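Asks: Handing you a structure now.
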Amino acid sequence: MLPVVVVHGGAGHIPKERAELSTIGVKEAARTGYAILQKGGSAMDAVVEAVTSMENNPRFNAGRGSVLNMKGEIEMDAIVMDGKSLASGAVSAVRSVANPVQLARLVMEKTNHLCLTAEGASKFARSMGVPEVPEESLITDYAKMRWKKNLDPDANPVECQMGKMGTVGAVAVDIDGNIACATSTGGMINKMEGRVGDTPCVGCGGYADNKIGAVSPTGHGEAIMKVTLSRLVLFHMEQGKTPEEASDLALAYMKERVEGLGGVVVVDPKGTWAARFSSLQMSWAAAQQGELHFGLYHGEDFVEPVQEHT
């Protein structure tokens, strides 16, 4: 059953033309992570590279393609967690970095801290030799169009979130049985300056523990934080539930308790995985035993070989 990698490209409601591109993007990300695992690479390497691939893809709300805050600026959050040691690293409200997930990994590996924010995170990035990129290079025309539309006082906040996939994330187990997760996001459309969502918070935007499993969520950040969604899924798994049952219980609780919709990708130490969501759609893909599984709507599980025929 090992190795395995599962990725998501965000939960929500998206138009058909963007949905197809999102599905292509998550499949590519899963293949990227799986190729690393097949060569004996670590779960951490796999999740970081899978998420990097989605940050570089303008179809997703992370890295290039991130949504804009009220001022029309980008503020991105990311987290990584290593299930072997429970080491974690995160960044919040970062601007001129192409791949916040890689910066989050550096926070984990090179500092004694778990999370660095805003200008402090930028200073750390410079000290680590992470190239600064112009903020404009991360802003797409689509993000600008959505931002302008949402400035209208009559804008409908629900409709505003449509058409943009949310957070991206990945979970993996490598051939040594080590587990990791990574999550990255541009946050909420037209959020207040300085708003930080669930993504960089341990137990909310991700959690990985070799003894139980790993989770990467997507959805409304404030709702996810109120129920510490990632840790809640793993709590149910500790009680003996399967990844799928645990995911459904946690998502149902979030919906009933705080009216929050979202989704999760989950894996346990044996390589059993799940991709579950309470929203209308969630683009996801999983690679295991040479097969690539993927879907977008409830009940979908398409399968094709991981190796693409050229």
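Heads up, the Cβ atoms here are built off N, Cα and C, so glycines get one too.
Fair warning: this is a prediction, and the values are worked out from it, not measured in the lab.
Okay, these came from TrEMBL:
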type	residues	note
ACT_SITE	Thr167	active site, nucleophile
BINDING	Arg195, Val196, Gly197, Asp198, Thr218, Gly219, His220, Gly221	substrate binding site
Asks: Output, ordered by sequence, the same-chain residues six or more apart from Gly219 (substrate binding site) with a CB under 8 Å from its CB, or 'none'.
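Replies: The answer is Ala11, Gly166, Thr167, Leu229, Met254, Gly260, Leu261, Gly262, Gly263, Phe277, Ser278, Ser279.
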Asks: Which whole number of Å gives the largest C-alpha distance between any two of Arg195, Val196, Gly197, Asp198, Thr218, Gly219, His220, Gly221, the residues noted as binding substrate?
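Replies: Looking at Arg195, Val196, Gly197, Asp198, Thr218, Gly219, His220, Gly221 as a set, their Cα atoms extend up to 16 Å apart.
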Asks: Could you check the binding-site residues Arg195, His220 and say which one's CB has the most other CB atoms within 10 Å?
Replies: His220
Asks: Restricting to the same chain and to sequence separations of six or more, state which residues have a Cβ under 8 Å from that of Val196 (substrate binding site).
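Replies: Same-chain residues close to Val196 (substrate binding site) (Cβ under 8 Å, separated by 6 or more) are Asp77, Ser92, Ala93, Thr117, Gly187.
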Asks: List every residue in the same chain as Thr218 (substrate binding site), at least 6 positions away in sequence, whose Cβ is under 8 Å from its Cβ.
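Replies: Within the chain, Thr218 (substrate binding site) has Cβ neighbours under 8 Å at His8, Gly10, Ala11, Gly166, Thr167, Val168, Gly169, Thr183, Gly262, Gly263, Val264, Phe277, Met282.
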